[in-house]
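Let me begin by presenting the structure, written as structure tokens, before commenting on it.
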Amino acid sequence: MSRLLIFILTAVVLSVIIDILNNSKVEGQYCCYTCIPDCSKSCQDSGLRFKACIPYRSCLCQY
């Protein structure tokens with residue numbers, strides 16, 4: 001029973017994280033909520049590409 005509960009909780013947490021990442025993609029230079037303004041520039045300064053904004057956190061960059 002406990003393994004099933006852990007599996008269900010893990011699936012719920014992962015689906016919430018994926019949903020947040022999918023909904024937080026922003027077009028243009030500015031991010032959402034309290035993210036760093038000008039995410040594209042922030043990522044480029046690190047040598048990365050802007051991917052998405054994590055609400056209330058920071059920019060999500062990718063190689």
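Placement of Cβ uses the backbone N, Cα and C atoms for every residue, glycine included.
As annotated by Swiss-Prot, signal peptide applies to 1-28, with the evidence given as sequence analysis. The feature disulfide bond is assigned by Swiss-Prot to Cys35-Cys53, Cys39-Cys59, Cys43-Cys61.
Residue with the densest Cβ environment among the disulfide-bonded residues Cys43, Cys59, Cys61: Cys59, by other Cβ atoms within 10 Å. In this structure the alpha carbons, written CA, of Cys59 (disulfide bond) and Cys43 (disulfide bond) are 8 Å apart.
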